[in-house]
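The signal peptide annotation in TrEMBL covers 1-19. Summarising the annotation, TrEMBL assigns active site, nucleophile to Thr204. Summarising the annotation, TrEMBL assigns substrate binding site to Arg232, Val233, Gly234, Asp235, Thr255, Gly256, Asp257, Gly258.
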Amino acid sequence: RPRVMVAFLLLAVLPPAGAASAAALPVVINTWAFRTAAETAWRVLEMGGSELDAVERGCGQCEIDQCDGSVGYGGSPDESGETTLDAMIMDGNTMEVGAVADLRRVKNAIGVARKVIEYTKHTLLVGESASLFAVKMGFPYEDLTTQKSLSLYSEWLNQSCQPNYWKNVVPDSSTSCGPYKRREEVTHKEEQTSSQRSVRNHDTIGMVVIGASGTVASGTSTNGAIHKIPGRVGDSPIAGAGSYADSTAGGAAATGDGDIMMRFLPSYQAVEYMRMGTDPTVACQKVISRIQKYAPKFFGAIICANTTGSYGAACNKIPGFTQFHFMVSSRLLGQPTEQVVDCI
């Protein structure tokens, strides 16, 4: 009987097979192999900063580094050649969210998003008005265009503006540049697949930080889909889509084709799965599977972490994207560590 009891106790404390890695709190997890972002966020926590501080500084580091050309200034020009930014930050204790979208001429998008929480009763500010707010908060106007973004724009124009995000217009958007006008008769032919236009095309940084006491914060930053129609806003600055934090359950953040993913509020859904006791890895997989039913070829991934420090990730398997790399920092790991998950 004592042996049976010992075996029972061992089973009670060991995670089930396939469960997310259990990491002692605090834990920082972020999308993609953005190491300096992970290191920056972890350092903030070690120096006594708050979870929100860690998210802001970690994502802000990616803005400075221009991670993959898809975060921060000088990347992903829209179809008029301008780089604009989207970002959000969420406090899982108060459920407050600060977000900016289509931010122009201001580099530190997540910093501005934090100010939306601190100095307004709003949640989301957009466009030129968001830029004016940023200036009031002390952020300088700066040119977000670089030689690289100009080169990307020039190459796109020389390729007859391919790929782009128009449909049901004249002239034919699959063979020529605009200006476009709407076609009188709307057709419902199959859309160009996300895999053709989006793989490694915009790799948002999404970050979840869970402090030693279980407090959760999350955030995102991106310059959005390259060659997007001006004014387009994806999932990144939308609470529950780009990221979500709830200190009673956990946090999640998404990356990929935001036009599709935002329709399913994947980060909110993942947190709700974890609230019901679902393992973080399984929660992430369930979210991906749900989107697959409607958009089997979508490009996307999600990271999840619960308030015990367990974490996981999942991604949709398509040609050219079979594994998803992400970063984890925790006391157990000792330093920010790149991890990989096979897509489903």
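Including glycine, each Cβ sits where the backbone N, Cα and C put it.
On a predicted model such as this, the values are computed, not experimentally measured, just so you know.
Farthest C-alpha pair in the substrate-binding residues Arg232, Val233, Gly234, Asp235, Thr255, Gly256, Asp257, Gly258: 16 Å apart.
Cα-Cα distance from Arg232 (substrate binding site) to the residue listed as 'active site, nucleophile': 15 Å (rounded to the nearest whole number). Reported as a whole number, the C-alpha separation between Gly234 (substrate binding site) and the residue listed as 'active site, nucleophile' equals 10 Å.
Thr255 (substrate binding site) sits 5 Å from the residue listed as 'active site, nucleophile', taking the Cα positions as reference. Checked against Thr204 (active site, nucleophile), the binding-site residues Val233, Asp235, Gly256, Asp257, Gly258 differ in C-alpha distance, with Gly256 being the nearest. Within 10 Å of the C-beta atom of Val233 (substrate binding site) sit 21 other C-beta atoms, taking all shown protein chains into account. The number of other Cβ atoms within 10 Å of the Cβ belonging to Gly256 (substrate binding site), over all protein chains shown, comes to 30.
The sparsest Cβ neighbourhood within 10 Å, among the listed binding-site residues (Gly234, Gly258), is found at Gly234. In the shown protein chains, 30 other C-beta atoms lie within 10 A of the C-beta of Thr255 (substrate binding site).
Neighbours of Thr204 (active site, nucleophile), defined as other CB atoms within 10 A of its CB across all chains, total 30.
Among the binding-site residues Asp235, Asp257, the residue whose Cβ has the fewest other Cβ atoms within 10 Å is Asp257.
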